[in-house]
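Peer 1: Below you'll find the structure I mean.
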Amino acid sequence: MAQDNFSRVTEFILVGLSDTQELQLLFFTLFLLAYAMVLLGNLLIIVTVRTDPKLFSPMCFLLCNLSFIDICYTSVTIPRALVALLSGHKAIAFEGCMAQLFFLHFVGSSEMFLLTVMAFDRYTAICRPLHYTAIMARGACWALVTACWVGGFIHSIVQTVLVLQLPFCGPNTIHSYFCDVPPVVRLACADTALTEWLMASNSGLISLGCFLVLLASYALILAKVRARLAQGHRKALSTCASHVMVVTLLFMPCIFTYLRPAGALPTNKYVCIIYTIFSPMMNPLIYTLRSSEVKESMWRLWKRCRA
């Protein structure tokens, strides 16, 4: 049958996490609290870094960008999910679904690249301290952040184009609370084997590659500080362990979701909560509250606000 004879899908139905009214209320409360924590925590970091001239280090500059990305990332999925949970309206237009898919991968992949840059920054500061100022100059930081956004844009454009070229003519129910590549591709009225492998090699390899680079950088940092004082070694180990924990929460679910064809196994919709909500909520706690200079600056900002 020719593709022109198909009745094109004009909207999708986002089933969400549960049909039970009590559970929907619970998820609404949890999502709202998580979103409020992401917004307040990351806005506080941005305001603190932007208003304190003492926070001019490359790491603080990267933290400010990470906070902005986390706000954008959660804003792609959570507000739409909150509206659906509160109103019961689960339909999303085809164009809106494609837009959500695009921005999800645009901001999400940009965050992966930025976390990799932040690991490189820590490696340079600890393993090459004499060259740190030259390597992580202001211009270099801007170039690295721009490269993260450009890389995320290219990745997302590829994913979105691959989805848009598929015909959608039958089922329109997405068993998730947001539009993403795997559940949308499963609804296509065509053989998607080649498209699925292309998408897996794109998103999956990006997730796996960034994760391996992050692990390698932290391993090199720990190897470098082993010969130093025991106290410094414990501090570096604690910092690296917390960073590895939060990046694992982001990358492992992404690797599980994207490093395989969409039709190989059904994606657990509860796994998506980890990298779309929980991980962005943990970033301010792990990356910022372990920085003494940022905490001191927040305290000074609090005292100025109370004065």
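Using the three backbone atoms N, Cα and C, a Cβ is placed for every residue, glycine included.
Features from TrEMBL:
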{"type": "TRANSMEM", "residues": "25-47", "note": "transmembrane segment"}
{"type": "DOMAIN", "residues": "41-287", "note": "domain 'G-protein coupled receptors family 1 profile'"}
{"type": "TRANSMEM", "residues": "59-78", "note": "transmembrane segment"}
{"type": "TRANSMEM", "residues": "98-120", "note": "transmembrane segment"}
{"type": "TRANSMEM", "residues": "140-158", "note": "transmembrane segment"}
{"type": "TRANSMEM", "residues": "204-225", "note": "transmembrane segment"}
{"type": "TRANSMEM", "residues": "237-258", "note": "transmembrane segment"}
{"type": "TRANSMEM", "residues": "270-289", "note": "transmembrane segment"}
Peer 1: Using Cβ distances below 8 Å and needing 3 or more such pairs, separated by at least 6 in sequence, tell me whether the transmembrane segment (204-225) contacts the transmembrane segment (270-289).
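Peer 2: No; fewer than 3 Cβ pairs under 8 Å.
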Peer 1: Limited to the domain 'G-protein coupled receptors family 1 profile' (41-287), I'd like the whole-number average of pLDDT.
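Peer 2: Result for the domain 'G-protein coupled receptors family 1 profile' (41-287): average pLDDT 85.
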